[in-house]
Structures are given as C-alpha cells and as structure tokens.
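Here's what TrEMBL has on this protein:
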TRANSMEM  6-30  transmembrane segment
CARBOHYD  Asn82  N-linked glycosylation site
DOMAIN    84-143  domain 'Potassium channel'
TRANSMEM  122-145  transmembrane segment
TRANSMEM  165-189  transmembrane segment
DOMAIN    178-256  domain 'Potassium channel'
TRANSMEM  201-218  transmembrane segment
TRANSMEM  230-250  transmembrane segment
REGION    290-313  region 'Disordered'
COMPBIAS  300-313  compositional bias 'Polar residues'
Amino acid sequence: MHSAGKSWLLLTFFLLFYTIYLLFGALVFSSLERPVEEQLHADMSRLKRDFLNVSCVSAAELDAFLLRVLTAKKYGVSALGNNSSSSNWDLTSSMFFANTLVTTVGYGHTTPLSDGGKVFSIFYALLGVPFTMLVLTACVQRLMFPLVLGPVGLLQRSGLDPRPAATVHLVLLMVLVVLLFFVTPAAVFGVVETSWSYLDGFYFCFISLCTIGLGDYVPGMEPEQKYRALYQSAVMVYLFLGLMMMYLLLRTFHKMADLHGLTTFLQLPRCEESDLDEEREPIVEEEPQAPGFCLEKSVDTPSQPTYNTINKG
C-alpha cells in the first residue's frame with residue numbers, strides 16, 4: 001500500500017479508536033453514575049415534600065434543608081421542579097463528560113457521584129489524556145502542509161521574503177481561527193442558548209479552547225432543551241476541532257518565533273531539534289512536496305519543507 005494511503009488509514013484508525021474510547025467511557029460513566037443520580041433525585045423530592053409538610057421551620061432545619069439542596073446542586077441535581085426526566089448521565093451527556101475529561105477542559109458542571117465513578121475517572125483520564133494529545137498531534141501533522149507549509153510557499157512565490165511571508169501567514173491563520181472558532185460559534189451559541197448573550201458565547205469559546213473550563217457556562221444544560229443529544233454531540237466535535245486548530249496555531253507561532261530569532265533573543269528553547277526528529281519519523285506521513293514549492297533547504301535537512309528550512313538570512 002502507498003505510504004500516503006497507510007498514513008490516512010492510521011489517522012482514520014486513531015480517530016475511530018478515539019470515538020470508541022469516548023463511547024466506552026460514556027457507557028461506564030452512565031452505568032455507574034445514573035443510579036446514584038436517580039437516588040439523589042428521589043432524595044430531593046422527599047426532602048422537598050417533607051419540608052413543605054412542616055408547618056413551622058426552625059433555623060436549624062432550614063440550614064439543613066439548604067445544605068442538602070446545595071450539595072445536590074453541586075452534583076447537577078436541582079430541587080427546582082426536580083425534573084428527573086433530564087439526566088446528566090444519559091449516554092450522550094456521559095460521552096460529553098468523558099470528552100471534557102480527556103481534553104482537560106473539565107467544566108465541572110457534572111462530577112462523579114459514586115466512588116466507582118471517581119476511581120474509573122482516574123484510570124480513564126490516565127489513558128485518555130495522552131491518547132487525546134496523540135490524536136491531536138497526528139491531525140495537526142496532517143494539516144501542517146495544506147494550512148502552513150503550502151501557504152507560506154505560495155506567499156514566497158508571490159514575491160515575499162521568507163520572514164514577511166511567515167508573518168503574513170500567521171496573521172491570516174489567526175484571523176481564520178478567530179472567525180471560524182470564536183466569532184461564528186459565539187453567534188450560534190447566542191441563538192441556541194436562550195439565556196446567553198453573544199459575549200457569553202464568545203467567552204465560552206475562549207474559556208473552552210484555552211482548556212480553562214471554568215464551568216460557569218456549559219452548553220446543553222437548559223431544562224427541556226430540544227435536540228439535546230445532537231447539540232452536545234456537535235459541541236464535542238467543535239471542541240476537538242477547535243483544540244486541534246489552537247494547537248496548530250501555537251505550533252506555527254513557535255516556528256515563526258524561531259525563524260525571527262525571538263526564542264534566541266528571549267533565551268528560550270528552540271523547537272528545531274525536536275521538530276527535525278519528529279519530521280524524520282512522523283506519526284503520520286506528511287503530504288509530498290507540492291510542485292514549485294520554493295522554500296530553500298540545506299543538504300542535511302529532511303525532504304519535507306518546514307519552517308526550519310526557510311532561509312534565515
């Protein structure tokens with residue numbers, strides 16, 4: 001089989017296994033946590049009923065009631081209406097939780113209720129976090145040629161010197177990422193989430209794609225939200241693609257900083273040596289050099305065009 005075909009087959013296997021891994025986590029989390037959640041719902045119903053039946057409530061009883069309500073709220077169970085038809089641990093919601101766990105976004109809107117769920121979270125993240133980084137790295141490696149190396153070469157062929165070409169490309173890539181993964185999704189979230197403003201949606205995108213994950217805004221949490229499963233699935237795809245593009249952007253910036261001598265000026269480690277090793281033995285094969293690609297290469301550099309092969313003179 002051709003090397004490019006093997007490369008795409010390997011990348012497809014990574015993505016398929018990643019999806020299966022999320023689904024496996026969703027099934028386990030749902031089976032462990034949903035019975036505990038249902039019991040907590042029942043406890044809240046009984047607590048609310050008993051509280052309403054008390055004619056005269058003391059300060060201590062009120063404090064105890066509020067403490068139990070706030071504790072249940074921390075685990076995603078609300079005493080308001082106590083609508084048990086919407087679960088935080090159905091299959092899709094569990095998969096959404098697994099996705100935020102292995103991508104290190106971790107909104108904290110839902111946390112394991114059972115000891116078994118907490119133990120499983122540790123081992124699931126122990127394997128899932130590095131595997132997610134591996135999948136993201138493989139995808140970014142595939143995107144380096146069509147989104148980074150190819151456009152830089154095109155700008156050079158249009159007459160720009162290597163350093164200005166790299167700078168212009170970085171600015172254009174940043175604009176593209178901001179438009180596709182911040183501006184546009186923020187507008188969508190502002191429409192779908194009725195309680196969110198456009199600023200809230202933009203804030204959510206920034207907090208999520210920077211993996212800060214404060215959890216004050218989480219999509220799909222409104223009661224009786226239509227197409228919740230489909231919506232959460234779309235958000236998972238958005239998070240994966242967004243993190244992939246943020247990684248690509250950071251890698252491009254680091255390489256441009258090397259080219260302009262910024263890492264040397266600030267006495268920071270350069271990425272050239274690790275990049276050369278990575279390019280000799282990539283996770284997936286990169287695209288072959290495009291006809292007419294005019295980045296200058298030294299004799300001992302790898303055959304694939306990189307930022308490291310741009311003339312630094």
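Yeah, the Cβs are placed from backbone N, Cα and C, and that goes for glycine too.
Counted as Cβ pairs under 8 Å, contacts with the transmembrane segment (201-218) are highest for 165-189 among 6-30, 122-145, 165-189, 230-250. Counting residues of the domain 'Potassium channel' (178-256) by DSSP class, helix then strand then coil, yields 56 helix, 0 strand, 23 coil. Each residue in the domain 'Potassium channel' (84-143) has a pLDDT score, and their mean in this model is 90. As a summary of secondary structure, the domain 'Potassium channel' (84-143) carries 41 helix, 0 strand, 19 coil according to DSSP.
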